[in-house]
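Annotated features in Swiss-Prot:
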- 1-244: region '2-C-methyl-D-erythritol 4-phosphate cytidylyltransferase' (REGION)
- 35: site 'Transition state stabilizer' (SITE)
- 42: site 'Transition state stabilizer' (SITE)
- 169: site 'Positions MEP for the nucleophilic attack' (SITE)
- 222: site 'Positions MEP for the nucleophilic attack' (SITE)
- 245-400: region '2-C-methyl-D-erythritol 2,4-cyclodiphosphate synthase' (REGION)
- 251, 252, 253, 277, 278, 299, 300, 301, 375, 376, 377, 378, 382, 385: 4-CDP-2-C-methyl-D-erythritol 2-phosphate binding site (BINDING)
- 251, 253, 285: divalent metal cation binding site (BINDING)
- 277: site 'Transition state stabilizer' (SITE)
- 376: site 'Transition state stabilizer' (SITE)
């Protein structure tokens, strides 16, 4: 691996909005490891309410960056393919005699050479949404990326039961998966590989590909020994606890010269326009802030500073899409949104249905999960004096 570490930083929200690569998650589940004990291969063994492979599959199924799922099975396990389920497109292929051969079988099934592939051990069921997002961002930025943790313990060499020396730990990392590449590049690297390889990073580097390190996760360990099942089950039970969050958002914009206002993504004719650094969509801003609030992650001003000229006149749906994607990356599903617009004029009623449809589309929600309504302030305050429009929003998030 190269020694550049791409910690937890993200690509910019504008880049995130524009870049929507096709991402295939390849889950390697063709092994026959015996160290974990039991009669079944470890990926098929129960882990709480699900099997190991089901937990792993669900993690990538929830990841917003992932487009499809490709599972590599042992030839004798192909009859179990029908027991695997996912919301996203799911395919299963038969693996080979070694891990590398199994990965090569999966890569042969990915048609787009520019697609990003995330190659992951099915026996790492506690992989997080944040880690998946970091690897995808690393591939977008550098072409290849993999998670790892720096070695922090002292390292010895030994013979039998005696210490024979010390090993410097500077520059040493514990490798994890998913390891991300462009499909065509890593497929060519596998085709050129000779001999055994510890993982796909070794194969990539042998082909001359630089690989960036992204920050790994201590919980993303590989089930290897019998005691690992209890540890993984405890972590997944804790993660699976019901976590419901509510966020509130409030925004206001004053009137200025113009002939229309934009509210909840819909242009409404009016004798004035709302003033703001972006398109001044007060409704969408309130909803976006409500999502950030539920995540405990600041507000629009922190993610899209008004001092940054790139957001001058920007469409507010960029901000909302960013907040929705951020919630999904952190493992949350938005289950409901309620937005109230406060103004004397323009009248919102004729545009209510199209506003609701627009917000449903942008947030990936059903119509009955979205409410957009309007009220007046009975001629009181700045909205009553028709100096501007205010909006309040409440959003509910559930960890999935």
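Here the Cβ of each residue, glycine as well, is placed from N, Cα and C on the backbone.
Just so it is clear, the model here is predicted, and its values are computed rather than measured.
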Cβ-Cβ distance under 8 Å to residue 375 (4-CDP-2-C-methyl-D-erythritol 2-phosphate binding site), same chain, at least six residues away: 340, 341, 342
Integer Å distance between the CA atoms belonging to residue 300 (4-CDP-2-C-methyl-D-erythritol 2-phosphate binding site) and residue 376 (site 'Transition state stabilizer'): 25
Residue 222 (site 'Positions MEP for the nucleophilic attack') versus recorded positions 169, 253, 277, 278 - nearest by Cα: 169
Between residue 278 (4-CDP-2-C-methyl-D-erythritol 2-phosphate binding site) and residue 169 (site 'Positions MEP for the nucleophilic attack'): CA-CA distance (Å): 50
Residue 377 (4-CDP-2-C-methyl-D-erythritol 2-phosphate binding site), number of other Cβ atoms within 10 Å: 14
Cα-nearest neighbour of residue 377 (4-CDP-2-C-methyl-D-erythritol 2-phosphate binding site) within the listed recorded positions, 42, 277, 285: 285
Using Cα positions only, nearest of the binding-site residues to residue 285 (divalent metal cation binding site) (251, 253, 278, 382): 251
Position of peak Cβ density within 10 Å, selected from the recorded positions 42, 253: 42
Residue among recorded sites 169, 222, 277 with least C-beta crowding, 10 angstrom cut-off: 169
Same-chain residues at least 6 apart in sequence whose Cβ lies under 8 Å from residue 278 (4-CDP-2-C-methyl-D-erythritol 2-phosphate binding site): 304, 311, 312, 313, 314, 315, 316, 319
Assigned conformation of residue 285 (divalent metal cation binding site) - DSSP reduced to three states: helix
Residue 300 (4-CDP-2-C-methyl-D-erythritol 2-phosphate binding site) and residue 277 (site 'Transition state stabilizer'), distance between Cα atoms, whole Å: 12
Residue 42 (site 'Transition state stabilizer') and residue 253 (4-CDP-2-C-methyl-D-erythritol 2-phosphate binding site), distance between Cα atoms, whole Å: 57
Distant-in-sequence Cβ neighbours of residue 251 (4-CDP-2-C-methyl-D-erythritol 2-phosphate binding site), under 8 Å, six or more positions away: 282, 283, 285, 286, 289, 390, 391
